[in-house]
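*Asks:* Annotations per TrEMBL:
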type	residues	note
REGION	1-69	region 'Disordered'
COMPBIAS	48-65	compositional bias 'Polar residues'
REGION	130-156	region 'Disordered'
COMPBIAS	147-156	compositional bias 'Basic and acidic residues'
DOMAIN	196-422	domain 'DUF7924'
REGION	424-465	region 'Disordered'
REGION	499-541	region 'Disordered'
Amino acid sequence: MSKRWRGDTSHASSEFMRATAKRPRSAPCFRNNYRPRHSLRLQEKSPKINQARTHLPSPSTTSPEANPRKRKIIHEEDWEVPTYHKIKRRRKTSRVSTHWNPREVPEWISYWVLNDAQLPHSDSIEAIEMASGNSSKRSRSDSTTATERRARLNEHDVFMDADRPMSAASRNLCNTLLLGNQPPAGFPVYRAESRREVLRDAMTAPEAIIQRDVLPIVVPSVVNLNRNGTIKLEHFGDEINAEWTKAMTMGGKHPKPDYVAALRRTAFDNDTWDKLQNYANPENPVRLSAESCFPLVIAEAKRGTIGLQEAEFQSTQAAAMAVKQQIHLLWAAYGKSHPLVEELYGQVLVFTVCHNHDEVIISAHYALLKENTQDKLEFHRSKIAFLSLTMNEGRDENKPNTFIENVYKTCGPVHLERIQQAAKRLPDPAKSTGMSFNASELGLGDDDSPGSEDNIFKKPSLPPSARAAQEFAELRALMAEQRADFKSQIEVQRIQLEQQKKESKEKKELLRTQMEQQKKEMEQQRKEMEQQRKESKEEKELLRKQIEKLMELLSKKA
């Protein structure tokens with residue numbers, strides 16, 4: 001038999017009365033969708049609803065134990081339904097205003113409502129919102145972010161506006177590079193006749209599609225042009241989506257350009273490359289990523305107008321790093337006051353291309369000395385052209401491709417020769433002695449860089465213990481090689497010492513022989529002198545006797 005209280009109301013009412021018995025002034029906790037009314041008219045209906053409920057008889061039992069276990073019957077008349085003013089209601093607060101402001105309705109919604117047209121697909125809505133700047137909240141946020149990023153670049157002396165213009169020769173060069181109308185050399189994925197359709201579809205396509213379909217016809221590949229014989233730059237290579245982790249940044253994160261045309265390792269012989277490796281450090285890098293050395297062309301492909309602005313910030317920082325890389329190399333090779341170095345100030349060293357599905361911005365980047373300084377640089381950007389791939393029936397659709405091809409043909413050989421000549425003038429690296437060694441000798445150089453993206457499928461990295469064991473084995477092999485060199489040096493020194501001892505002994509023996517010879521000669525001379533002294537004494541004695549005899553004769557005559 002159920003042990004619930006005997007009453008005429010439901011289980012929900014019993015739960016409510018238990019709650020009100022302990023806390024009589026609190027709001028009742030109703031279940032089964034029965035909640036207190038929020039208007040006086042509906043509150044008056046509450047007693048009628050309660051009276052309409054039928055009282056069910058209590059279940060009977062024949063158990064003798066059931067009589068003493070009766071519970072107290074609690075009727076609904078013992079409690080009072082709290083009135084509306086007794087219920088504490090939480091004030092409704094919402095961050096979203098319930099008032100409709102027609103000015104906040106996006107422009108595309110107004111257009112479809114007023115023209116009774118069918119609403120577009122969600123992808124089209126997203127594309128229109130990305131391309132438009134009607135939202136006041138988004139525009140304020142974007143402008144604030146753009147101002148902050150521009151300020152961070154200015155702190156590193158990187159300026160997006162050409163406050164100080166480039167040299168007149170560079171300006172004339174840029175105007176010359178814009179001449180011509182050369183279509184792309186090839187369409188690897190689609191036919192040339194499908195370009196308009198591809199550009200139209202790219203308006204609502206993600207960024208990866210723009211990089212795949214639009215980037216190759218805006219910025220031609222230097223490797224492909226070299227393969228088909230359009231240019232002769234065998235020492236230039238491509239790099240796609242490679243992060244520049246080998247250099248210090250300038251007002252932002254590590255750049256990761258969508259496309260870079262730069263020098264390869266093959267542009268330098270072994271001796272020159274050793275000089276560059278000895279010169280390289282994060283402040284003065286040689287490789288900005290795994291493969292690129294001294295970039296000439298940098299490209300960024302983004303989606304929409306906001307994405308194009310982002311591309312300008314990213315390409316400006318990357319170009320400033322590339323210009324600084326070239327200037328510092330020539331400083332180390334020639335000195336800061338050399339005429340070749342002074343000619344580079346104000347001269348265009350790097351070109352950038354930023355584009356979306358339709359708009360293309362071509363810029364030139366150069367460096368100038370700060371006013372009243374001799375070793376502090378400012379990095380400037382000057383816009384060369386702002387083009388559209390679709391306006392005026394595609395009148396300028398080939399201009400970006402023509403410009404970049406002219407850059408490869410005109411500036412590529414000059415860029416290569418400048419870097420090669422400067423690298424050859426760097427000082428020779430000092431030979432390592434004792435326990436000194438560099439990272440390249442241990443195999444811990446460029447292959448371990450996180451920015452290397454040459455291969456699509458990379459080999460899985462070794463666990464830390466195996467990697468440490470491998471590095472220890474390489475270090476032990478290097479130490480064994482150095483120990484063998486040290487032993488050979490000791491053996492050579494021992495042979496040289498023995499040779500010196502032998503020569504010293506021979507010299508000593510020769511000196512002793514010479515001394516004995518001199519001693520004999522001196523003894524001979526002494527004997528000769530003794531003989532001469534004896535003979536002189538005898539002659540003297542004989543002369544004395546003769547004088548005495550003569551004196552005797554004279555005395556007798558007298």
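Even glycines carry a Cβ here, placed using N, Cα and C.
TrEMBL labels come from automatic prediction, so no person has curated them.
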*Asks:* Which residues, given as numbers and ranges, are at least 6 beyond the ends of the region 'Disordered' (499-541) yet have a Cβ under 8 Å from it?
*Replies:* none
*Asks:* Mean pLDDT across the domain 'DUF7924' (196-422), rounded to an integer, is what?
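*Replies:* Result for the domain 'DUF7924' (196-422): average pLDDT 90.
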*Asks:* Please count the residues of the region 'Disordered' (499-541) that DSSP assigns to helix (H, G, I), strand (E, B) and coil.
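*Replies:* Tallied per class, the region 'Disordered' (499-541) gives 43 helix, 0 strand, 0 coil.
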*Asks:* Where DSSP helix means H, G or I and strand means E or B, what are the helix, strand and coil counts for the compositional bias 'Basic and acidic residues' (147-156)?
*Replies:* 9 helix, 0 strand, 1 coil
